[in-house]
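Colleague: Residues or ranges marked as domain 'Amino acid permease/ SLC12A' in TrEMBL: 1-409. The feature transmembrane segment is assigned by TrEMBL to 37-59, 65-87, 99-119, 182-201, 234-258, 279-298, 304-330, 351-375, 387-405.
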Amino acid sequence: MCSLGELSANFPVKGSFYEFSVRFISPSWGFAMGWNYVINFVFVVPFEIIVMIMCARYWNPTISALYLAPVFIFALVVIYSLGARWYAECENVFGIVKIIVLSVFVVTAICILTGHVSTDTRTRDQLPYNDWRTEAFKHGAPGFLFVFMSAGIAYGGTEMLGLAAAECRHPRYVMGIASKLVAGRVVLLYLIPILMLGLVLRVDLDQSTPSGDVSISPFVLAILQANIRVLPDLINATMVIAFFSMANASVFAASRALHAISARGMGPRFCAVLYRGRPLGALLIVLLFSFLAFAKAAPKGDEVFVWLLALASCSSYLTWTSICVAHIRCRLALKRQGKSLDSLTTYRSPFGIIGPVVAAIVFLFGLVAQITAAVLSPLPSPPPVEASFMGLIVTVVFWIGYMIWKRDGTLLVPLHRVELGPKEEMFLATNTAEHHQPSLPTE
């Protein structure tokens with residue numbers, strides 16, 4: 001995230017990391033990354049709708065996706081049509097609700113662990129935090145590696161800050177703050193709740209889940225195991241809000257990314273047209289793919305869910321790897337062209353070039369782990385192996401296809417030819433005015 005923050009603060013351009021790939025790696029790889037990101041969030045939208053349907057079935061297990069999917073899609077269209085202001089207001093409300101409920105869950109989990117929940121009839125030895133002695137690594141190494149598929153899509157979405165940079169009034173100032181806050185967000189909203197969940201949720205879900213339905217949110221299951229009433233419904237409702245928020249953000253990201261690559265001549269022309277500031281052509285494409293959520297009503301609808309999960313996860317790993325490589329090459333280009341790091345404005349990654357190198361290795365490991373887990377899956381009904389690396393194949397096809405189409409075999413732009421000048425929208429401090437920190441808007 002620090003790499004993205006440094007690049008976005010100095011390159012607040014439409015397309016963000018897609019543009020970074022074009023500029024610092026190669027046009028062909030940038031083309032592949034642009035479409036990789038579009039495909040990622042085009043499929044995330046129906047994926048999140050399917051997850052919302054699964055959460056809603058907690059209250060009514062027999063309700064059909066044919067009834068729920070249109071409601072969620074209509075709500076997404078309404079929010080998008082109201083404009084950026086209402087989109088931001090809705091996300092603010094969603095964020096506040098999620099923070100409050102996650103805080104309630106953490107406090108409740110602490111009460112469960114300390115034995116202060118009167119409805120919980122389990123003895124101290126029966127509490128889930130003792131499971132590490134016997135079932136901490138269920139399914140062994142393949143089970144551990146399989147988690148990276150879910151982790152890939154869970155962490156995806158943070159890079160949307162880069163897309164938003166081009167639409168900020170003071171991108172250099174805002175991106176610096178945002179990059180610093182992400183670490184706190186990950187700890188407070190991801191790591192702590194997940195840690196508490198692992199301490200209070202038993203691993204034998206088949207015995208503790210109502211009707212054996214393992215599609216219920218694990219946060220809800222943890223509260224159900226303690227026999228607490230009302231709170232499971234509240235948490236499940238928050239899960240629906242959280243997934244709707246992600247679907248809402250995905251519509252924004254996919255449509256903006258598709259518009260950006262189309263405006264560069266790398267996509268359909270009608271997607272490059274803006275109507276009252278909104279890329280309606282790109283939005284139409286995104287909404288058409290959202291109807292894949294209706295596949296949940298089919299007899300083998302769960303297979304669609306697995307394919308969407310694998311595709312989105314693979315795309316997320318590739319996106320973040322590309323961001324890291326772009327940052328590495330940006331630093332190398334600065335050195336090659338004799339420019340000082342002090343010329344970078346406002347925000348500079350504190351981890352230098354080592355940070356993106358380590359991060360790229362982690363993301364590549366996650367990608368390999370996802371494929372390995374699919375091959376060695378211990379599950380009785382393992383996901384299709386093809387789904388785990390389909391996103392990689394699609395990206396390579398776009399990459400090679402662009403080189404053939406444009407007859408340009410450039411694998412890496414030479415460092416001395418990387419554009420770093422102000423005319424390319426990079427805000428290098430070429431005069432003293434550039435050193436002044438912009439003031440926040442007073443509106």
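Just so you know, glycine gets a Cβ as well, placed from its N, Cα and C.
Each of these features: where is it, how hidden is it, and who are its neighbours?
Modeller: Note on the transmembrane segment (65-87): residues 45, 49-50, 52-53, 56, 167, 244, 247-248, 251-252, 255, 277-278, 283, 287, 290-291, 293-294, 296-297, 301 of its chain, located 6 or more positions outside it, place their CB under 8 angstroms from a CB of the stretch.
Sequence-distant contacts of the transmembrane segment (234-258), counting only residues of its own chain at least 6 positions beyond either end whose CB sits under 8 Å from a CB of the stretch, comprise 14-15, 18, 34, 37-38, 40-42, 44-45, 48-49, 51-52, 55-56, 58-59, 72, 75-76, 79-80, 87, 90-91, 94-95, 97-98, 101-102, 104-105, 157, 160, 163, 216-217, 219-220, 223, 267, 271, 279, 282-283, 285-287, 290.
Listed as Cβ neighbours of the transmembrane segment (279-298) (distance under 8 Å, sequence separation of 6 or more from its ends, same chain) are residues 41-43, 45-46, 49-50, 53, 64-66, 69, 72-73, 76-77, 80, 251, 254-256, 258-259, 262, 268, 270-273, 304-305, 308.
Long-range Cβ contacts of the transmembrane segment (304-330) within its own chain (Cβ-Cβ under 8 Å, at least 6 residues beyond either end) map to 3-4, 6-7, 17, 20-21, 23-25, 29, 33, 36-37, 39-41, 43-44, 46-47, 50-51, 148-153, 155-156, 159, 162, 292, 295-296, 298, 349, 353, 356-357, 359-360, 363-364, 366-367, 370, 374, 383-384, 387-392, 395, 412-413, 415, 418.
Sequence-distant contacts of the transmembrane segment (387-405) (same chain, at least 6 residues past either end, Cβ-Cβ under 8 Å): 27-29, 31-33, 35-36, 39-40, 149, 266, 306-307, 310-315, 318, 367, 370-371, 373-375.
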